[in-house]
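Heads up, the thing below is written out as structure tokens.
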Amino acid sequence: MGGLRPWARYGLLILAHLLALGLGAAVLQALEGPPARRLQAQLRAELATFQAEYGACLPTGALEELLGTALAAQAHGISSLGNVSKAGNWDLPSALLFTASILTTTGYGHMAPLSAGGKAFCVVYAALGLPASLALVATLRHCLLPLLSCPVAWVAVRWQLTPARAALLQALGLGLLVAGIFVLLPALLLWGLQGDDSLLETIYFCFGSLSTIGLGDLLPGRGRDLNPVLYHLGQIALLGYLLLGLLAVLLAVETFSELPQVRALVKFFGSSGPLTAEDQGGILGQDELALSTLPPSTAAPEQAPAC
């Protein structure tokens, strides 16, 4: 593998990506196809039953026209099912959650602009806001990574770990911390509050939010007759969860991306040259991780200064 030319490595990477896409599509087709067909058949049967009972009282095509209007409104987050919690679809909490979903690229799709001015504003707002959000995240990452590396530095000194082992310990620790605090704990909380949602569904929602996939098929409080105050408090809580959770996930991803093994893999696909000392040093050589507090006695013998 080391003798492959760069274009061959890129070809293998693209081929692996296409195979992963095909495999994912095949698995989802096998899992989701049958229940989707059953739901479609159930819907058709209910429509046929309704038309058989009330068809004489309805003009031809009236039901289809009503359903089309309701579905078009639902696509923009407007429901006519009498849910008082969503009476004001574009009130301040709802608008804040919508802008947060834009700037975090989550994009739940639970509501969308109707006016031409709103759509044009979203384009300009995202074009200006996304770079600003990335700059803010980069600044916070630079400030927080040294703080997160302090416990690992203490453990590395106490246990006399090698830099590579300390780097792996930091990545695993941060990954477990993010998974526990920002995925499992909120999922358990939603599971207890929602009642009719399974634990798998709440974990699915939390992971979809923090990975910025945001399919929008699950949203806390959606479709429920909640008190407007409780519903808006939930929206504000979700806004804070998105902002803090996304930052935590990016910190974890940054830490994993600086592991020596990951850097070696990237180097393999990026160049045919040998690995440099920087690539082999891993994240402990990065200034933002601030693990320079390790005493000289813990350094590897080959890193000791020459006499």
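Using the three backbone atoms N, Cα and C, a Cβ is placed for every residue, glycine included.
TrEMBL annotations:
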DOMAIN    87-142  domain 'Potassium channel'
DOMAIN    196-258  domain 'Potassium channel'
CARBOHYD  ASN83  N-linked glycosylation site
SIGNAL    1-24  signal peptide
TRANSMEM  116-137  transmembrane segment
TRANSMEM  167-191  transmembrane segment
TRANSMEM  203-221  transmembrane segment
TRANSMEM  233-253  transmembrane segment
Average model confidence [pLDDT] within the domain 'Potassium channel' (87-142): 81
Chain residues outside the transmembrane segment (116-137) and at least six past its termini with a C-beta under 8 angstroms from it: 99, 102-105, 246-247, 250
Counts by DSSP class (helix H/G/I, strand E/B, coil) across the domain 'Potassium channel' (87-142): 39 helix, 0 strand, 17 coil
